Amino acid sequence: MQSKAIEAQYDGADLRDHAPAVGGGVVVRAVVRRHALSALLLLSGLASIAVAADARGAPLNYFLHAAGPAAAPTMHLGWALTALSMAVIAIVAVLLAIAIARRRRAQSDGTHVPGETGALRWIYIGTGISSVLLIAALAYTLVTLDSVAAPPRAPSIILTVTAYDWWWKVEYSDADGGPALATANEIHIPVGEPVKIVLKSADVIHAFWVPHLAGKTQTIPGQINEQWIQADAPGVYRGQCSQFCGAQHAHMAFEVIAQDRAAFDAWRSAQARPAVPVSAVENGLASRGQKLFIERCAGCHTVRGTDASGAQAPDLTHLDTRRLIAAGAMTNTREHQLDWIQHAQRIKPDSLMPGIALTTDETAALSAYLATLH
């Protein structure tokens with residue numbers, strides 16, 4: 001009799017009255033909130049993809065844009081894994097919504113939610129499907145990694161890139177039949193040809209990354225790593241250090257400029273030549289600027305064809321031909337060059353480049369000399 005009375009107490013309307021007291025309503029509301037949060041995260045993910053679609057031409061947008069065979073497979077892998085993840089989120093959200101709806105309907109009607117029959121069967125099915133999907137994703141990932149591990153044919157050019165805090169030294173050897181040269185923060189390559197890049201670091205761990213052309217590869221002190229890139233179309237592709245390396249990590253960029261073979265060969269030949277001699281008779285102002293450069297800058301910088309042979313900072317032999325200076329921090333204009341020379345620590349704090357105090361006459365002379373480095 002007592003057990004029947006207890007059962008009657010929790011029948012019908014009494015169940016509705018007591019459910020909140022034992023925490024059922026609180027639990028349901030918490031689950032609803034979690035479900036709403038999941039839906040918001042799903043919508044935010046879709047919105048992010050929509051925004052990325054509008055930013056197709058962004059220099060670091062690797063999700064919707066690939067310009068070479070070393071980047072396209074990883075982009076497609078990203079699409080596949082994103083689609084799989086969003087499908088799983090959507091399925092779980094729908095099932096959760098159904099479960100919540102059933103529970104709330106049962107509570108509002110005062111009925112008992114019957115136990116599920118064959119529950120283990122659904123667990124087995126879900127585990128099996130999940131395992132198959134995970135194995136397929138792993139297999140696709142391994143196939144993708146293998147496809148980008150080596151270029152489809154032998155590289156036509158081999159160059160060495162050494163990472164410094166916070167800039168990039170680029171060296172072309174004469175092993176491929178072209179002239180040897182050194183430059184900084186700017187890599188020129190011929191369109192449609194694979195290029196092998198030997199990666200080194202002079203100080204800490206950095207990472208060489210050109211999102212539109214390839215994945216990232218770390219540069220580690222005392223270790224040599226390799227990367228290959230290929231651009232299928234002419235253009236300028238931004239690169240970036242993607243491994244946090246200190247105060248100016250964000251300002252450690254470079255550019256890869258893809259040109260047709262004739263333009264590339266012409267650029268390489270011009271870059272291999274020493275700087276144009278400055279004649280005191282023809283250009284007295286630039287000549288004074290050259291002397292000032294040798295006095296103030298030659299300890300760190302190199303200008304081939306002069307007494308400036310420093311190895312701790314970028315080679316400036318053909319500075320005036322570059323698009324950017326200060327490892328991508330500024331465009332290469334006369335005003336920016338002088339601003340960088342005088343206020344380097346304001347522009348890139350903690351960099352090795354000191355600020356140099358110049359008089360008005362010295363500024364004009366140095367500007368005239370830098371203009372000859374083309």
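Positions of Cβ are set from backbone N, Cα and C atoms, glycine also.
TrEMBL does not curate its annotations; it predicts them automatically.
Look at the domain 'Cytochrome oxidase subunit II copper A binding' (154-270): DSSP puts its residues at 13 helix, 56 strand, 48 coil. Look at TrEMBL and you will find 154-270 tagged as domain 'Cytochrome oxidase subunit II copper A binding'.
As annotated by TrEMBL, domain 'Cytochrome c' applies to 284-374.
Under the heading transmembrane segment, TrEMBL lists 39-58 (among others).
Annotation comment: TrEMBL describes 78-101 (among others) as transmembrane segment.
Taken from TrEMBL, the feature transmembrane segment covers 122-143 (among others).
In terms of DSSP helix, strand and coil, the domain 'Cytochrome c' (284-374) has 41 helix, 7 strand, 43 coil.
Sequence-distant neighbours of the transmembrane segment (122-143) (same chain, 6+ residues past either end, Cβ-Cβ under 8 Å): 77, 80-81, 84, 88, 116.
Per-residue confidence over the domain 'Cytochrome c' (284-374) averages out at a pLDDT of 90.
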